[in-house]
C-alpha cells in the first residue's frame, strides 16, 4: 500500500468551478441536442448552436479558472505528496476510460469486418441472407460497395497516413526528451523539445484535414459511405479530436514552462500531458494497422 | 481559503481549527465535503426513485385492464423507457455513489474523497442530465420511446428528434459516473489510513472498489454506443443498418458489453451492504471474508464475457450461444459463495431483527430467488421461450427492486442514525418493511406466471387471459408505490432530528471505523489518520 504523509491530510477548500462546469455541460448537451435535431430536420442550424457555443466558452472558462486556482495552491505549497499520487492515479484511470471509449469503435470495426460484412456476403450458414437480401453483394474489405450499392474508394496507407504515423512517432520521442529535460532540470531542452512536439502535433492535424479533403473530393469516401466510411471517420475523427485536445494541453504546458512552472519533483500537469500524448500515439498506431494497412 | 489540517491528538476529532459548513445555498453548490455530496446524491436518487416510480404507476394503471384506457401506446413506450433509464441511472447508481461518498472515507479512515472538487462536479452534472431527459418528454414527437436499452433500429430509424437530447444527456451522465468512479477507486487505493491493508477493508469498500473499476471500463462503451446511435440517426452512418454493411445486432453487442457489467455495477455494492449488515445483527464475524472478496472479483471479471445471453434469440452461431450460456451459469458459482457465506454468518449467531436486518434477510431470500430465475434465463433453449416476456421483467425486478433497492433501504436504516444523530421512527420503519415486502411480491411474483404463459413485455395491451393476474400485479404495484411514502415521511422526520439521540456505536454488534466517530458524524472526520490494528 502507498506510503502516506500521515502527519497531514489535505482537503481543498470549496470552489465555485464544479457547478460552473455542470452548467456548461448542461448547455453543451442542450445546445448540441437542439443543433443536431434541427440540422437534420431543416438543414439549418437552430438556436442550439448559440447555446452550444456558450457552453463551450463556459467550460473553457471553467477549466481556466479551476486550473488557475489549482496551480496557485500547488505553487503555494499547499498540496502534499498524497494528493500528487491521487492526481496521477486519477489521470491513469481517465486514460483507461478513454481507451475503453476507443474500444467501442474498434469493436464496431472488428464486428463489421469479421461478422456483419462476411455474413451479408453469405459466409458461414448465412447463404440465404445473401440470396434473399442483396444477392449481388460481395463481401470484401475495405467495403467499397455497400449492399445497397453506395460506391466509394478505399484510403490506402501510403502517403499521408504513413507520413502522419511517422510524425506522431517522432512527436512521442521529442516529448520523451522534453520529459527527460525536465527531470534533469535542463529547461531549454524541456522547452524546445516540447515546442517541436506541439509543432508536430499541429502538422499532424493539418495533414489529417488534408487527408479528409482528399477523401471527400477525390475518393468519394464520406462519413455516410457505408460501414467502412463510418468506422474510418469516427475512429480517425475522435482520434483527431484527442490530438487537438492533447496539442492544446501541450501548448498550455509551454506557457507554464515559460512562466517558470514545474520543478524536478513537482510537475503533475506536465507528466499527465506526456501520458496523454503517448496515449493518442498508441491509439493512432492501432488505427494505422487496423484502419489503413490491414 | 484552503484548509490544511494538521496533526491532532485525537483519532476521532471533535472540534478543530477548520471551519464547519458554510451557510445557505453556497454550501451545497460549492461543497467539497464528502458527507454533503453524499447527502446530495442520496436525496437526488430518492427523488428520482419517486419520479421513476410515478412512471411505473402509469404503466401499471394502463395494464390494470386489457385494452387501451389511459394513455396512448406511444406515451406508454415513453413511460417504460424513461422509467428504466431513471431507475438505473438516476436512482440506483447515484444512491450507491451517495453511500460510497458518505461511508468509504469514514470506513477507511480518510479525511474525505481523494478528489473533492471533482466529486462535486460529478454530482452536479446529474440534476442537469435528468432535467434534459425529463424535458425531452415534452418536446414535439415525445421523448425516448425505444426502451431503456434503445435497440437500433428503434432508436435510429424509428425514433423522434428528441433522440439527440437523449444521447447527449446519456453522455453527460456517463461523464458524471466515470468521474465518480475514478474518485472512489483513487480514494480507496490512495487514502486508506496506515494499517488499513487491502484485506482489512470492509466489504462495502471492496465491492465498491470493484464496481468503480467496472464503471470506468464500461461507461465509455455506452458513450460509444449512443454516439453511433446519434450518427446513424442524424448523420447517415450505417453502423446498425445492414444496407450499409452494418448490423442492428451489432448495437446489441456493444450495448450489452456495457449493459451486462452494468447490472453488476448495480448489485455488487448491494452485496457489500448485506455483508456489512448481516454480521452486525448476527453478532458474528462475516463468514469467509476472503472468499467474499474473490467472489466479487470473479463476478466482475466474468461479467465481461456473458453479455450475449441477452441476445440468444438474435441468431448467433451455436458455439457463441453455448459459450455465453456456460459463462453465465458460471457466475452463479461466486454468487452462490456469497449467499452461502451470508447464511453461514447467520448460522448459530445471536440474531436480532432490527429493521436493517429485516431488509437484509428479505434481500438474501428474494435476491436469490431472482438469481434462480436468472439461471433459468441463462439456459439458451429455455430462454427462447422466456425472451421478451414478463418472466424477464419479473426476473430483473427481483434482482433490482428486492435486490439493489432493498439493499439501499437496508443501508439507509443501518447508517441513517450515524448521519442524523437520532434514531428514526422504528414503528414507521417496520411498517415500511412489511408493506414493501408484501406488496413487492404481489407486484412481481405473478409476473412469472403471465410471462411463462406468454405475455410480452413493453406492450400497453394484452390478451384477456392475462387480465386477472395483471389486476393483482397492478394492485401490488400501487401498494408498493404508496409504501414508499412511509419511507419519505420517516426520512423527513429523521433529517429534522426528531428521535432519540444515539451513541457513536448505534448497533451493539457493529464493527468498523464509522462507528468510532460520534453520531451525527462531524463535518470533518479523520483529519489525522486513525491507527488500525
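Glycine residues also receive a Cβ, built from the backbone N, Cα and C atoms like all the rest.
TrEMBL does not curate its annotations; it predicts them automatically.
If you check TrEMBL, you get these features:
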type	residues	note
DOMAIN	A:5-294	domain 'Heme-copper oxidase subunit III family profile'
TRANSMEM	A:17-37	transmembrane segment
TRANSMEM	A:49-67	transmembrane segment
TRANSMEM	A:93-112	transmembrane segment
TRANSMEM	A:157-178	transmembrane segment
TRANSMEM	A:190-209	transmembrane segment
TRANSMEM	A:232-255	transmembrane segment
TRANSMEM	A:275-293	transmembrane segment
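Beyond its flanks by at least six residues, the transmembrane segment (A:49-67) meets 15, 17-18, 20-21, 23-32, 34-35, 269 of its own chain at Cβ-Cβ distances under 8 Å. Scored on C-beta pairs under 8 angstroms, the neighbour of the transmembrane segment (A:157-178) with the top count among A:17-37, A:93-112, A:275-293 is A:275-293. With a threshold of 8 Å between CB atoms, the same-chain residues lying at least 6 positions outside the transmembrane segment (A:17-37) that come near it are 45-56, 58-59, 61-62, 65-66, 69. Nonlocal intrachain contacts for the transmembrane segment (A:93-112), taken as residues 6+ away from its ends with a CB within less than 8 angstroms of a stretch CB, comprise 143, 227-228, 230-231, 234-235, 238-239, 242, 275-276, 279, 283, 286, 290-291.
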